[in-house]
């Protein structure tokens, strides 16, 4: 989000002169395992992880019901996500022999593929219209794969990259931090859960019971940050059904736990072993630090995830610029 601090305000941007930056259509750059070194040294990696950690700090100790500023750009992003939600209602699952991967998802995705730039154009001011094709790629990448009808942390990362790009061009600002997580990302999660349930999407690259979650990772990071220094909720409480039911509307982490228990049967320790182990960690700050390390190791440093990440002018593959 620090990138956003250097941007000119977007409030009067409809009258501002067009930007002179050369935007490009993002493309894949990580083709083999040795290419992963390029990614870890890249400006894109530094900006992406910096964005995640800035938001992590911004929501620390705050409930979802915390009062925060909601800018016009935030409202427009929520409206965009509401449109995606409405399209799910308009595209019911079809009857098919296979239980998983309902083919109606491809119809839904084709609509997004066709309309993505128009949707992004409703969020981006006219003087930044040249950025729309580049930014829209990340939106299209963030909702799952239409060939495999699956969804995973790589798609979630594309949505975070989409938001990061909007910060870099100044559409989202430093004072939007809390709303980015609580209003936009939370709405995105709701829509993704609806997609997963409606079309019975497969988890992309799931590690089964040994993974943190079949589909998401970021809400566990930001959700654990929300719970740091909570007066009475400790990590051991998230495996307590009563504590989850009473507090899930205030905390993303607990909402994730509720969704898992709705979708899976059997003892929690068996279907979500990694989370069960985390419940034994003594403090939320330790949980938060551990999840950040795990996210880097299990998502950002894994070739099967990052091979699909796309790089453009806003999240470039070139090495981090050294500041002299």
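In case you wondered, yes, glycine gets a Cβ from its N, Cα and C as well.
Now, the feature entries from Swiss-Prot:
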BINDING   148, 153, 154, 304, 307, 308  ATP binding site
BINDING   208, 214  Mg(2+) binding site
MOD_RES   2  N-acetylalanine
REGION    1-23  region 'Disordered'
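Between the alpha carbons (Cα) of residue 304 (ATP binding site) and residue 214 (Mg(2+) binding site) lies a span of roughly 15 Å. A 10 Å cutoff on Cβ-Cβ distances gives residue 307 (ATP binding site) a total of 17 other Cβ atoms nearby, all chains included. Counting only residues at least six positions away in the same chain, the Cβ atoms of 204, 205, 215, 216, 217, 299, 305 sit under 8 Å from the Cβ of residue 153 (ATP binding site). Around residue 148 (ATP binding site), the same-chain residues at least 6 positions away in sequence with a Cβ under 8 Å from its Cβ are 101, 202, 204. Put simply, of the binding-site residues 154, 307, 308, the one whose Cα is nearest the Cα of residue 214 (Mg(2+) binding site) is 154.
Close to the recorded ATP site, the chain also has 152, 155, 204, 205, 305, 306: residues not among 148, 153, 154, 304, 307, 308 whose Cβ is within 8 Å of the site's Cβ mean position. Within the set 148, 153, 154, 304, 307, 308 that the record links to ATP, no two Cα atoms are more than 16 Å apart, and one pair reaches that distance. Take the CB of residue 214 (Mg(2+) binding site) and look out to 10 A: across all protein chains shown you find 24 other CB atoms. Cβ contacts within 10 Å of residue 154 (ATP binding site), excluding its own Cβ and spanning all protein chains shown: 23.
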